Amino acid sequence: MKFLDQAKIYIRSGNGGAGAVSFRREKFLEFGGPDGGDGGRGGDVWVEAVNGLNTLIDYRYQQHFRAKTGMHGMGRNMTGGKGDDVILKVPVGTQIFEEDDETLICDITEIGQRYRLAKGGNGGFGNLHFTTSTNRAPRRANPGQEGIERTIWLRLKLIADAGLVGLPNAGKSTFLASVTAAKPKIADYPFTTLHPNLGVARVDGREFVIADIPGLIEGASEGVGLGDRFLGHVERTRVLLHLVSAQEEDVAKAYQVIRGELEAYEHGLADKPEIVALSQIDTLDPEARKAKVKALKKACGRDPLLLSAVSHEGLNDALRQLASVIDQSRAAEAGTAEAEE
């Protein structure tokens, strides 16, 4: 399935149905009074999060959505039926913005969550509403109210517990494939990963979701390489696993480049808990490994994890550390929620 994480669409709620001009027509009743019913309300436009979606690709092929007009009123004081709604089905994690692409309308974070983006127009009054003491047979009815039209942006920010960051070819996709059932594209050239991938990891009876995003390079915040647009997909994570390839000539610089891009992106990414790991260590001899571990430790201020997807060295340790941070974050979040109640 192709991946699309943003789409610009046009929506319009339905017009209200027109009120009816009608009079009672009954045997032995020469001058029946007005009995024109009201028009029905126009259909609404809703957005709803559904299970099983992780892309906005459907909105590449259809960008215009219009709800139905309400039914017109009828005689015998019958109100017209409501127009059919339009429901925009989106993945969990979708944000809806105004046309300026800055004003947030809503953030859809749970399956089944709905939000009304445009309310249908009210139906017009039938002639029964216009009866007065001096006008017992009005021939007037209102048209329905027009629907609301607006242009909006849909932006998807995947919801994951942990995010993988690093330079291209740092081994992020290989790590994801080794610890989850995800099958990202893996090859020995930069930018093999062109869109985010998700996988569910399990360790010690616990499970959590990991997001792998395309690699960053120096200047990504200014649009170099694939830019930093995919960093939005790790904004919601609780912890970052920062992979630095053992094949880098200067592991300290590789670490600092990514930290610089996280800080330039802002949105709190640089403040997230971070676990640092030296990946692809199976490519080093013991002496080179020791030197690179020392250099990376000096750069990040802590002992890095040592990982190899080939020999599986350190994979479970990494998962346990991620799970521990995620558990602490969830517990703190639950405590905050209880305190607010």
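Residue numbering: from 1, along the chain as shown.
Placement of Cβ uses the backbone N, Cα and C atoms for every residue, glycine included.
Fair warning: this is a prediction, and the values are worked out from it, not measured in the lab.
What Swiss-Prot says about this one:
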- 1-159: domain 'Obg' (DOMAIN)
- 160-327: domain 'OBG-type G' (DOMAIN)
- 166-173, 191-195, 212-215, 279-282, 308-310: GTP binding site (BINDING)
- S173, T193: Mg(2+) binding site (BINDING)
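Structural mapping of features recorded in Swiss-Prot.
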{"residue": "G166", "record": "GTP binding site", "CB count, 10 Å": "27"}
{"residue": "N169", "record": "GTP binding site", "CB count, 10 Å": "22"}
{"residue": "K172", "record": "GTP binding site", "CB count, 10 Å": "30"}
{"residue": "S173", "record": "Mg(2+) binding site", "CB count, 10 Å": "24"}
{"residue": "H195", "record": "GTP binding site", "CB count, 10 Å": "17"}
{"residue": "P214", "record": "GTP binding site", "CB count, 10 Å": "25"}
{"residue": "Q280", "record": "GTP binding site", "CB count, 10 Å": "21"}
{"residue": "S308", "record": "GTP binding site", "CB count, 10 Å": "21"}
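In this structure the alpha carbons, written CA, of S308 (GTP binding site) and S173 (Mg(2+) binding site) are 12 Å apart. Looking at Q280 (GTP binding site) and S173 (Mg(2+) binding site), their Cα atoms lie 12 Å from each other. Here the Cα atom of P214 (GTP binding site) is found 9 Å from that of S173 (Mg(2+) binding site). Here the Cα atom of S173 (Mg(2+) binding site) is found 11 Å from that of H195 (GTP binding site).
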